[in-house]
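Feature annotation from TrEMBL assigns domain 'NADH-Ubiquinone oxidoreductase (complex I) chain 5 N-terminal' to B:72-122. According to TrEMBL, the domain 'NADH:quinone oxidoreductase/Mrp antiporter transmembrane' annotation covers B:138-433. Residues or ranges marked as transmembrane segment in TrEMBL: B:6-24, B:36-58, B:89-109, B:121-138, B:184-203, B:223-239, B:260-278, B:290-311, B:384-406, B:469-493, B:513-535, B:618-639 (among others).
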Amino acid sequence: MTATGGEAALFWVLAPLMVLAALGLLFVRRAVHAAMCLVFVMVSLAIMYIAQEAAFLGVVQVVVYTGAVMMLFLFVLMLVGVDASDSLTETIKGQRGIGLLLGLGLGIVLAGVVAQAAFPPAAGLGLANEVTNPVGLARILFGDYVLAMEAVGVLLVTAAMGALVLTHRRRLEPRRTQRTMAESRVRALPRGVSLTPQPTPGVYALNNAMDTPALDPAGEPVEASVPRVLRIRGQQRSVGALLESERATVEGE
Amino acid sequence: MDNVIGLAPWLVGFPLLGAAILLLGGKAADRWGHWLGVAASAASGVVGFILLAAMLGLPDDGRVLDHHLWTWLSAGGLDVDLGIRLDPLSVTFVMLVTFVGTLIHVYSVAYMAHDPHRRRFFAYLNLFVAAMLTLVLANSYLLLFVGWEGVGLASYLLIGFWDHERTNAVAAKKAFVMNRVGDMGLIAAMALMFATVGSVSFADVLPAAAGEAGPAGRLEPSTGTWTAIALLLLLAACGKSAQFPLQAWLGDAMAGPTPVSALIHAATMVTAGVYLMVRSATILEAAPTAQLVVVLVGGITLLFGAIVGCAKDDIKKALAASTMSQIGYMMLAAGLGPVGYAFAIFHLLTHGFFKAGLFLGAGSVMHGMDDNVDMRGYGGLSRFLPVTAVTMGLGWLAILGVPPFSGFWSKDRIIEAAFVGEGWQPWVFGTVTLVGAGITAFYMSRLFFMTFAGTRRWDDDHHPHESPFLMTAPMIVLAVGSVALGGLLAIGGTFTTWLEPVTGHVEHHEPVLPVWVITTLTLVLVLGGAALAFLQYAARRVPARAPHGSALTRAARRDLYQDPANEALVMLPGQVLTRTAVYADKAVVDGGWLGLAGSVTRAGDQIRKAQNGYARSYAAMTLAGVLVIAGVAGIAAAVTQ
Amino acid sequence: MEVTNYAVLASVLFAIGATTVLLRRNAIVVFMGVELMLNATNLAFVTFARLHGDLTGQVLAFFVMVVAAAEVVVGLAIIVTIFRTRRSASVDDVNLLKG
């Protein structure tokens, strides 16, 4: 069966791009870029599935592969480090030549087989898809392949469990609870650590920034109310100057 | 008899039990262990005496008893019963072993008093007594072999008792290995017996040799077979009795404590070969050639030992050479046929007494001379060790064959028997025994005079003194035996009659010379030898260092080059053979396999490099494999189309 | 246009995926190569389903997707675990099986 003109156009537009994107997998340095190339190939494949009367698979391809699998890939890439770029210099002696040769050989053999084989005239899926493609698939899946379906379900659950087990981290020290934290603070008292939280910075009519100390009941500034870092850097404001400017503002009205 | 024969197993049982208790008892048994050893041996002797008394009460033709204990092994056509054979021959041995053995046990209590391992020594002595009794009481060659190996083991353990000295350990090993050569003969003989007669028990084999049908009803073995069996048995006897050509170990065996030399290497174990010959008399008679060989072996050893004995300055080695020579007499007698068996055993018995006495005397002298064994360092000791001198003197007179001492009654009969026969043989054998008697007189007198007569040659470091009562008492008892035993048993033919159930009745044969001529000649030669020794070693001053001497003397000092001969004839070819075998093993067998293994290793090393640990490499190989399979499949498809 | 063009495209994609597995060292990219190979087979399945007028090919492609999803979950978990202990995602760093 010969595809229609529209499909041919679609194929000839998509196929070279897909091969290019796939080659990108081979040659781009950054893993993220490779992932994006792969996403492009997968979406293109989804389109091709739909063009080939496999609407359900096309949708599943988008949902499962681009939606779930590739997201998982990207997620792991984020975890490992997006910037981790691959050095393309080869470490195993001769591996690059051998790999390219074998890949080329494989492509030639496979394409050769396909080109050599005598295919029957394409039957098309018009008859099979008469009840719509998902229903046709479902009849086969839950008819002939129901056991395989169940087994695959078990496989998915197992895989999920396996991932949990593999990435599980064993707790090496007791959990820090409110009580242990409180006890540690009490233990730290003799070293001059305050039991209570530090006093908050001062709040004034025109200013409530971190760099202004609070005033104690006697009207003196409290040193500890300004974060230590600011104090070390000498960035705290003096309370006197602040009060002076406030008074000037009030009086200026 | 029936009511006491049940005691027979206890003959072996007592000393075996004693050995077990002493060996397993540990230090706890140190204090009383030696007396337990004495008691075990004495108990065995009491049982032997009871059996002897019971046997004397039996009529002459009822004195051969097979006491079946239980079936030992039953394998295919071979059925061996474990049983005891009681007859005059075995009872004689039992009495000799237990009586002399017990005396030597008592002697050892004092002799080994200061040895830290005295308990072990007594355990080995008991083990030896048990093994020797097993040997003589066995009712089959197989059980005899057990005792045979047992005495070999005990001998090995006792020669090497002081194995902290390397030479002692080497001597023990030498004795053990040379005994093994003889044991091979016994094993081969048993195999031949089983193959031809179908049995190894005395009750089957000996009648078969006499021409009666065997139990398996097999074809009557030919004379050739009997000759082979007899010669193999002779090989065994040569090993155990230190006969030519397996005589080399006996001199070195003197490395053991002196009581061991007295008990094992003079009175009992070395006589096992003679016992085997007399026990197998019927087989020997079926093989005249073998008989002749036995006589020749006996004659050669007789002269060999006598010549070596003349040159030895070591008192124990001189006695060892004498033992070898005297056992040569017994072997010769055993080979003479029915005319000699009784005298072989008779001489064995008297020799057991006087040689044990002589050895114990030598031990006593060594005891008094701080373990110095060089007779050139003795001289004039009779004043310091009077009891030893008297007892040894009586033993000396006995071995010389001076009437009426024991040796006269036994040795003289052997010489007479050697002169019986036709053709050249009586003249040759008679002359050999006569000459041997003369030489014996010379070297034994030499030994006695060098030790007790003449002037003192020891320095002031030594303080000769008489041994304690526990040592002298056994010597006295043995001396009494040396004096009286021969006459007591010989007059009226008591002993020959007693042995008749075993050796058969012998008509009196006339020697080729009149008896009085032989006796006179013997006495003349003995007196001549003794006189010569007196002139040289008592009347004249004995040099403290051995003179250079003639070629024969030098050869005799070196045991007539027996060790170099053994080394050149046996050891060297053996070593060459083993070296060649080792070389062949290394070069061919090892080389082949190691080469194969090496090439596998090298190949593995090469293949290992492919396992570089890189998953991508493995993936590449997988892909290559896929491509190869695809290629092959494609070619196959193209070809089939 | 012949339907078999899809099959040729699938072959090319498969070969590129295999080469990726052989040449890239970043475990995640290697994994992407595996995914590309799986997708290429899926395309072949779909193509042959159409060629034979039989939906079974699509069913198989569906199964491949499910199994691939499970495989990705476990595979990525392994990569994360290795990365945690070795601070590296290079497949060449995991070569303890060296002979």
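Note that Cβ sites are derived from N, Cα and C of the backbone, with glycine treated the same way.
The model shown is predicted, which means the values in this text are computed figures rather than measured ones.
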List, by number or range, the same-chain residues at least 6 past the transmembrane segment (B:89-109) whose CB is under 8 A from its CB atoms?
11, 34-35, 37-38, 41-42, 44-45, 48-49, 51-52, 55, 118, 121-122, 125, 128-129, 132-133, 136-137, 257, 259, 262-263, 267-268, 275, 278-279, 345, 348-349, 352-353, 356, 360, 363, 470-471, 473-475, 477-478, 498-499, 502-503
Top stretch among B:6-24, B:36-58, B:223-239, B:260-278, B:290-311 for CB pairs under 8 A with the transmembrane segment (B:184-203)?
B:223-239
With pairs restricted to those 6 or more apart in sequence, evaluate whether the transmembrane segment (B:290-311) and the transmembrane segment (B:36-58) have 3+ C-beta pairs under 8 Å.
no
Stretch winning on C-beta pairs under 8 A with the transmembrane segment (B:223-239) (pool: B:6-24, B:36-58, B:260-278, B:384-406) is B:260-278
Given the transmembrane segment (B:384-406), its same-chain partners at Cβ distance under 8 Å and 6+ residues beyond its ends are 322, 326, 350-351, 353-355, 357-358, 360-362, 364-365, 368, 412, 437, 440-441, 444-445, 447-448, 451-452, 464-467, 472, 475-476, 478-479, 481-487, 522-523, 526, 530
Beyond a gap of at least 6 residues from its ends, the CB atoms lying under 8 Å from the transmembrane segment (B:6-24) belong to 33, 36-37, 39-41, 43-44, 47-48, 50-51, 67, 69, 84, 86, 94, 98, 119-120, 122-124, 126-127, 129-130, 133-134, 137
Helix-strand-coil residue split for the domain 'NADH-Ubiquinone oxidoreductase (complex I) chain 5 N-terminal' (B:72-122), DSSP-based:
29 helix, 13 strand, 9 coil
